[in-house]
Amino acid sequence: MAGRGCGCSCGPGHLNEDNARFLLLAALIVLYLLGGAAVFSALELAHERQAKQRWEERLANFSRRHNLSREELRGFLRHYEEATEAGIRVDSARPRWDFTGAFYFVGTVVSTIGFGMTTPATVGGKIFLIFYGLIGCASTILFFNLFLERLITVIAYIMKSCHQRRLRRRGALSRESLKPPGRCEGDSLAGWKPSVYYVMLILCLASLLISCCASAMYTSIEGWSYFDSLYFCFVAFSTIGFGDLVSSQNAQYDSQGLYRFANFMFILMGVCCIYSLFNVISILIKQSVNWILRKMDGGCCRRCQRRLLRSRRNVVMPGNVQDRGNISIDTDGVMDSDTDGRRLSGEMISMKDFLAANKVSLAILQKQLSETANGCPPQASAPSRDNEFSGGVGAFAIMNNRLAETSGDR
C-alpha cells in the first residue's frame, strides 16, 4: 500500500501488500455475499411465502375432510420426515445402502459434493465417515491437482503448437526456431507464454460441452427439463451439492448399468473441468484485486521511491527491478511485499526480507521432500523472480510450474 518502505504518511499504515490484498479480498467477498443474499431474497422470498400459504390451506382442507386435528396430522407428517431422512420415499426408489448405493454415497463424500439425500444414521457410520472423509477428501484434492497439472500441460502444448504454426504461415520464424523442442529455441518464441484468457476459454468450452451432453442424457432418462438438468450439472460439478435434484435414484432404468457408468463418468469429468476452471478464474480475481490495490496506491509513494532511487545511486542493490508491465497467467501486476518497495527505493535489504523474497514455493518443497524420501537427491533449483511462472502454492504452484516447463523448455 502507499506509504510503505519510504517513510511518507499518505498511506493507510504499515500494512504490506499481502495483508492489504487479503483484507481487500475479504471485504469484496463480504460485499459479494451481501449482494447475493439481497438478490436471492428478492427472487425467492415471495415464492416461499406462496408455497407456505398453499400448504397451510391444503393442511386445513385435509384436516376438515378426514376429521383430524392439526396436532395428529402434524405428528404423522413428522414420522414421514423421519422416514424420508432414512431414505424411504413414497415412489419407488433405489435402496440407499446396498453396495451400489453405498458406492454412490462415498463418491459424493470424497468429491465433497455431498448431495445430502443419503446420510449415515448409526453412531458407527458417523464415526467411520469422519476418518474416511478425512483421507478420502485429501486424496481426491490431490487427484484434482494432478489432473490440473496434466490438463495445463496439454493445453499449453496445443496452444504453443498452434502459435508456431501461425508464425510459420506468416514467415516470422526462422528455420532454426522451427526445429524440434530441445534443439534450438528461437527468439520469437523464447518469451512466449500461454494466455490465461485462452486457457479459461478452453476450460469454459470443455465444461459447457460436458454439461450439455450430460443434460441431454438426464433429460431423456430422469425426465427433468433441460434447464433443470443444466442446473444439476453445475451444482454437482462445482461440488455445491444441494440435493434437490440427484441423478440415478430410481429403482429401475432402461440400460441401467450403462446409465450409471455414464453418470459416474460425466460427474468425474465435470468436477475435474470445473475445478480447473475455478483455479484459472481465481488467478483473474487475484489480478483484479492487485489492479485495485495499484489504483489505491496513488502517486505519492512512487514519487518518493524515484527520489530515493536518484539519491542513492551508489547503494548496493539486492536484485534487479522486475518489469511489472507484462501480466501473464500468474503475475500479479503489483509488488508482492515490502521487499519490492525497498528494491525500488534502493534501501539495503535485511536477512528476513531476503529470505522472504527468495522463499521456495510449497509445491517445490513438497517435490524435494518426496525425492529425498524416495532416495533421489533433490535437484538444486530455486525459483527465480525473473521467471514469470514462479511462485504460488497448491493448485497455483502446479499450474505455474507446469506452464513454465511447457513454455520455457520447448
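Cβ atoms here come from the backbone N, Cα and C positions, even for glycine.
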Problem - Candidate ranges 102-123, 344-365 [criterion: TrEMBL lists as transmembrane segment] - result: 102-123
Problem - Arithmetic mean of per-residue pLDDT over the domain 'Potassium channel' (94-151) - result: 89
Fill in the blank from the handout: Spatial neighbours of the transmembrane segment (258-278) not adjacent in sequence (6+ beyond its ends, CB under 8 Å) are 100, 107, 111, 113, 144, 147-148, 151-152, 200, 203-204, 206-207, 210-211, 213-214, 217, 221, 233-234, 236-239, 247-248
